[in-house]
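Take a look at the structure below.
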Amino acid sequence: MPTPTAASRDLQREFSLLRQELQADLQRLTARLDKLENRFDGRLQLPTANLATAHSSDASPRSGDSPSENEMKIDVQNTDLSMVQLSMVVNNGFPPSQPEIEEPQDEQVVGLAPAGPCDVTFAIILLLLNLGMQVAFSVIILDENFIGSPFTDHIDNARRTRTSIAHDYTHMDLAKTSLVSRVCSEDGALILSTPQANLIQQINSFLSLGLDQFQPGFFQVGSLLSMLCILLWSLCVYKEYRSIWLTSEAVWRIPRSKCTLFRDNEFHTISTGRLKILLFTYVARAAIASLLLGAGIRWLAQTTSISELMLNAVSLNAILDVDEFLFAGFTPISIQLAVRTLEPLKMKYSRRRSQLETWSLFVLLVGTITLPYFVLLNPLGEQMVQVKHELCAGNQTFVVGRSTETQMTVGLVTRHPQEASELTVTELAVEEHKFNGPNEVPYLINFMETDVHFYEALGRDMAAEVKNWGLCIEKEVLMLGGFFYQDPLITPYSDLMLRQAATSLGTADVSRGCAGLKHLCNDPNARLLRMVCGHTCGCTDPLASAWHKVTAQGCIAACSQIAFDAAAATCQDNIDSENWEVFWNSYPDVMTAFWGNNVTESAVYPVMLSVADAMKSSGCSALMDPQWQAEPGVNHRWCEGYPPLWRPLAWQCPESCGCKDITPLPAYSDLNNSWAELLLDRCPAKVVQPEVRDRLLGAAMKALLREEDEVVSTAARLVAKLTAMGEQLADEGEDLLGSMCQRLFRLMKEQPSLLDRRGELIVRKICGALVNPGVDVQRFFATAAKAINAEEDKAFARRLVQVLNRGLLRGPETKTFRAQLQLEARRGRESDELRPELQMALMHAWMVCPVSSLALSFWMNEFEFAAGLATRLATAERTTEIEVELNDFVELLESPVFGDVRLQMLGAQHREKALLRAMLQLGALLPKEKKLQGRLQVLEIGVLLDRVTAQGPASKAKSCSEEAKALLERFDEICEHKDHRWKDCIL
């Protein structure tokens, strides 16, 4: 074989080098083709996000590496949007790799990938939006208005609620349960205190407590769920921490140079400036994550609603996913494709580091579980227990109210919600009527026509309700032969009240009427039954048990009057032994029900037993013993009765109570006007004795100051009867009527409210009582006129005249006196004689009140004086009070009392110039009064008609009478008396 020459050896060497270069070029070309193929495949289909952590192609460690260290590649194709990318976009840089991949980053290829300026600008906007949203969420979650007040505030709120409204009687429902009972029983129908009810429900659910349980057990649903939600949220933030740490570590391992070198989708070097910017962004990301972690844990730990816990945890997790949502939904496709092609970075990861990291993560996990529980959740549970204890512990079944008049706080024991299964009377009424039509007759509800009547009915007590009935319902309406038996209006209403009475006492059977409910009459709560069934319940029987036979307990006055008349038929003791035994046997029970406290525990109980024993053994005669005469609890005498509870035992024991043989008359008669009237009818000689009469008159005068109209009316009648009866039996020359008037007017002067509120009522009742005994009413008015003329206080005299004038012209009790007075005045005018003395006395006295004087002069047909008085009123300054009085007078002109005056306006034969002049002056006084102007128009038409139809010479007009002139002069003198000006006289 030939030996190669030197030239051939050189040629072989060259071919070998060319082959090596060609192989190298082919390898590089193959690599580039692979990359182009991968890039081409990426353009056709976007890859899904994955964690591309890969070791190097060699399974064994490289030469020079320790066996305990491995190389791993960090795939930078996929990462999340954060503040890091903002710096890269601004610097046209390239992001470092991150180990935790959630979504690709577009800003890593901004400025490098084939993307237009619009794509780059929009990507920058997305980065700023992501930054702004996460910062905004952080600020909101940290705000106190979002987190809410500390749960400890609920403790004070629960304490205030329990002491303020929870036991307020105004919030008690129809089932008679307190508001706190409904709140703590989680009443679903509650419309008040719903925040407190929701809070209690949340506490019970959170701590797995029962309604009456206040100590939580080991297993607590809310605490467990809260721990799970806090752990879930912490894991989400820890994932963000790990991503930030690994990314910063990867960036830190990239070699530094003056410029960032990015070639073949790989980072080769990074500039120092860009590294600082990236590290700053990592710190900012970690700070935001830390704020979110603390605020989120605090928010979740304060969430007491189980249903809201999961929602809050998911909402927090969504905050960290904002960048993913923006990347997937808004990042341009060109930037997304460029991000997918980024090559992973290589970094070393030792086994020792892995072990250390495992222990660190274990400690972090344990701390995440234990610290929130002991720092937040366990105190929260204790605070929840304290809130429930403040709101629901102890006694829930009572309500209270305070009387502003008596300044006393009173309470009522209510029903527990578990005991409220049986419907109350009101609930039964609603149950019976809720499906009825508007025209169906209600079974248990009395519907009012207006809201005014509705609220009045709610505010009336039994005494006020009884006063609305002037008849004994059972005898007049429900019993055969009654005047209103089967009346189409009253009978249905009475039947309704009977059903209501029966239902309120626990029975619905009214088939037998009042007879079937007789056994319930003595029940303390049977007030309505006694009102409807007064005859069956003993209100009409004077021998029945006296308990509850009073107006305040349901007995109508008409029913009691029947018993009173029967008792007044004799002055002898007469008791029914059975009813007497019932009365005293029920004595302790009745007083217990009346006071609301068990009297058997009181020191007065033995005294009560002694009284009852003495009464049962001795009968009426025991009432004569001073030690047994008064009830020890209320200190009221048995004979006089006690209006709130029992009627006088004198109705059964009149003789023992002092009708015949006891001298002087018992002192209790001073306090019971009805009984005094009875004694006056049956024992007049004893009553009209000066010492007894004066004492009774004094008591009756005091009774006029009472608030009840019935008491005032009775007292006024008693005053009149005592005066009339006293004058019949008294010595001649004794003016009892004058003395009574002086005492009455002096009392009215000392008590102005008595004159203003009850003056007319007292005058009418006195006049009505004076007629029957034969004492002339005109003496009362004559005496009153003298008292007015002698009165120096003109303001009081004016008000007294107003009251007397209304009683004279309006009261039915003075009808006979008005007719007599008008007849005498007419006779005086027709005979041209002097006016009657009483008429002139009244005219003189009435002058202190010009409007009342004007009304009296019109009514007495003294038109000359009326015209002159109207002229003076027209020229004077009028006050608001005078205007009101004038308007009242015009209304009075339209009443039947002034029918004769109106006839004189219409009849030509009766018309006088003085009447025309007086009416015209009155019209000038009140030009806007339509009724008066209408009268003037009628009067004008009448005058014109007289002129047309006159058949004879016109009657000669009478000149002003001497009496009228004298009256007007007297009026002027009164107004000028003691330097009183005209205006002062009117006032």
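Any Cβ shown, glycine's included, is placed from N, Cα and C.
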- prompt: Which residue range, 313-335, 842-864, is the one TrEMBL calls transmembrane segment?
  reply: 313-335
- request: Calculate the per-residue pLDDT averaged over the coiled coil (19-46) and state the result as an integer.
  value: 68
Message: Tell me whether the transmembrane segment (120-142) sits in contact with the transmembrane segment (356-376), defined here as at least 3 Cβ pairs under 8 Å among residues 6 or more apart in sequence.
response: no
Outside the transmembrane segment (356-376), six or more residues from its ends: residues with CB under 8 Å to it: 223, 227, 230-231, 234, 238, 297-298, 301-302
